[in-house]
Amino acid sequence: MGLRRKNKSPAVLSHEFVTQNHADAVSCLAMGLLLGLMFEVTAKYVIIFITVQYNVTYATDDKSELVHFYEYGPKDIATIFFYMLIAIILHAVIQEYILDKINRRLHLSKTKHSKFNESGQLAFFYLFSFTWGASILTAVSKSNSTEASYDHNACVFQVKFFYICQIAYWLHALPELYFQKIRKEDIPRQLYYICLYIAHISGAYVLNLQRLGLILLVPHYLVELIFHASRLFYFSDENKQKGFTLWALLFVMTRLLTLTLSVLTFGFGLARVENPVFSIVDGNFNVLTVRISCLAAVCLTQAWMMWKFINFQLKKWREHTQNQIPRRKINNMKSKPTKKETNRANVVNGAVKLEDGASPRTRKSKAL
């Protein structure tokens with residue numbers, strides 16, 4: 001009997017070792033931070049990584065109730081770092097226990113395998129974020145009259161924690177390009193939308209535009225959820241393409257909604273309560289220059305997304321028309337009988353037969 005060859009484990013700190021064991025290393029780091037809460041010496045430092053900082057408490061007019069709000073500051077970087085570790089761990093769990101098992105059943109090619117993993121991860125994230133964001137909007141709209149009387153720089157706990165988790169997730173997507181061995185041709189495309197998410201969400205968080213950002217993110221995440229869910233169904237069965245039609249319709253409507261709300265907010269809403277004194281310490285960014293810059297950034301991003309969308313639709317339309325031309329040629333070739341088939345059809349038992357059933361005339365033999 002021949003000896004079985006054992007799979008050699010990769011060298012420590014090699015490329016294969018890091019990609020295979022990155023989730024274990026990150027989980028150990030996160031566990032170490034959590035264990036730091038058990039000791040009084042380290043708890044005051046570790047608490048910065050885990051809990052939301054910069055709590056501000058206000059008293060109501062009758063001083064019968066305390067209202068808690070949160071601002072932002074440098075300590076939020078530590079909190080974002082910790083939840084970025086949590087996002088890496090959850091990414092690995094979803095990949096190993098859900099997506100990899102489905103991939104084994106579908107037997108996809110390398111290209112479809114990479115796109116399936118990308119859509120699977122993003123579908124989970126968009127579903128969770130859309131549900132969470134919609135619930136926050138519902139809760140904030142009910143208490144909007146209470147919040148309006150307090151500092152515009154502060155936000156409630158759910159809004160701040162939502163933004164911290166959003167920034168942490170999109171930051172974790174950068175090292176995942178390395179951990180998941182993304183193909184080189186796919187890295188630029190993914191880097192574009194990851195950097196756009198980080199820039200826009202961080203900008204809304206720092207410039208105290210959390211409410212506008214939340215209102216724009218919720219419908220956008222719904223549209224992206226429909227697209228990636230449709231792509232997952234398409235990989236399982238290529239005949240299931242109705243979801244892309246719904247996505248195309250909602251995509252255009254969401255772009256128009258985003259532009260309309262942005263123009264109304266920066267052009268009319270914030271202009272009425274403008275404070276001409278620009279101050280980073282006080283958190284006042286409601287000046288004309290900042291508003292125009294924000295509106296220009298939103299409009300350029302929406303124009304770029306529409307340009308990519310139109311090119312995508314034109315590419316699909318060309319592929320569809322090119323696939324239809326060979327089919328028409330094949331159908332035409334099948335419908336036209338060949339000369340051999342017509343001759344065979346007119347010859348019955350060795351005798352030539354005309355279409356009207358008459359017998360052919362016999363030729364007269366010429367005399368020599």
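Glycine too: its Cβ is placed from the backbone N, Cα and C atoms.
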Residues flagged as transmembrane segment in TrEMBL, choosing from 32-53, 120-141: 120-141
Confidence summary (mean pLDDT) of the domain 'TLC' (114-320): 90
Recorded stretch that, among 120-141, 161-179, 191-208, 246-268, 288-307, has the most CB pairs under 8 Å to the transmembrane segment (214-234): 120-141
Residues from the same chain, set at least six apart from the ends of the transmembrane segment (120-141), whose C-beta lies under 8 A from its own: 91, 94-95, 98-99, 102, 147, 156, 158-159, 162, 166, 169, 211, 214-215, 217-218, 221-222, 224-225, 228-229, 232
Cβ-Cβ under 8 Å with the transmembrane segment (246-268): same-chain residues at least 6 beyond its ends: 212, 215-216, 219-220, 222-223, 226-227, 230, 291-292, 294-295, 298-299, 302, 305-306, 309, 313
